[in-house]
Amino acid sequence: MSLDALQQRLGYRFSKPELLQQALTHRSHSAMHNERLEFLGDSILNCAVADMLYGMFGKLDEGDLSRVRANLVKQQALYEIAQMLQLPDALRLGEGELKSGGFRRPSILADALEAIFGAVFLDGGFDAARTLIRKLYIPILEQVDPRTLGKDAKTLLQEYLQGHKIALPLYTVVATHGAAHNQQFEVECSIPKLEIRVSGSGASRRAAEQSAAKLALDEAHRLVPQLVKRSRAERTGKTRKQATPPDPQLSLRLKE
């Protein structure tokens, strides 16, 4: 992808395009890499997201706001935004990193996105960087349920199952589709005790697992209450059976 095409996707045009080029450059490619820009962008991202959360979630306390922010700026969240921007097609990697599939690596893509935020800050100032971050994050924030503190589907599924003493789900890659630079993964999520078996897809194994986990969580929310109700009924039946006193007339008849 050309720098011009990426700038169109970002909705921001650099006065110094070399900053964007540096933000896309991995240390395996050249000495003028993106690690310092990533350091800068990380701080700007945290500040901008904190500002948005402060304005959107007035009822959350400091601890909950911090937890929501942590979930929104972690590697997986950044990776998914990078995929949406098609950053894998714009990265500058060394030959070895390119051959090993570095353009798909979540850490490399997340770092490049943070470096872009740093580059925009140096090029246009904090307001420009904040505007870009808001543009990318508002659609995500609109879907955040403050009750779950922005946790991803895999985390929510794990916590829900642990809360009901059900074994954790199993994730299995069942298929991959497409060329090496544009693969789609299909992952199956299974929960044997609930007889749940669902599949999700995504541009990475992690994204596909998240997709499958969301479907499994929906199914678990539907099935677990039924399982709990059935289990309680069985326990109640056993208790009543044990509490029923023996019939003395029946005992006499059996002796005769």
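In case you wondered, yes, glycine gets a Cβ from its N, Cα and C as well.
Database features, via Swiss-Prot:
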DOMAIN    3-125  domain 'RNase III'
BINDING   Glu38, Asp111, Glu114  Mg(2+) binding site
ACT_SITE  Asp42  active site
ACT_SITE  Glu114  active site
DOMAIN    152-222  domain 'DRBM'
REGION    226-256  region 'Disordered'
Near Mg(2+): residues not in Glu38, Asp111, Glu114 with Cβ within 8 Å of the site Cβ centroid are Asn34, Glu35, Leu37, Phe39, Gly41, Asp42, Ala110, Ala112, Leu113, Ala115, Gly118
Looking at the binding-site residues Glu38, Asp111, Glu114, which one has the fewest other Cβ atoms within 10 Å of its own Cβ? Glu38
Distance between Glu114 (Mg(2+) binding site) and Asp42 (active site) at the Cα atoms, whole Å? 6
For Asp111 (Mg(2+) binding site) and Asp42 (active site), determine the Cα separation and express it in whole Å. 9
Long-range neighbours only, meaning 6 or more apart in sequence with Cβ under 8 Å: which ones does Asp42 (active site) have? Val73, Glu114, Phe117, Gly118
Once the DSSP letters are reduced so that anything not helix or strand counts as coil, what is Asp42 (active site)? helix
Look up Glu114 (Mg(2+) binding site) in the DSSP assignment and reduce it to helix, strand or coil. helix
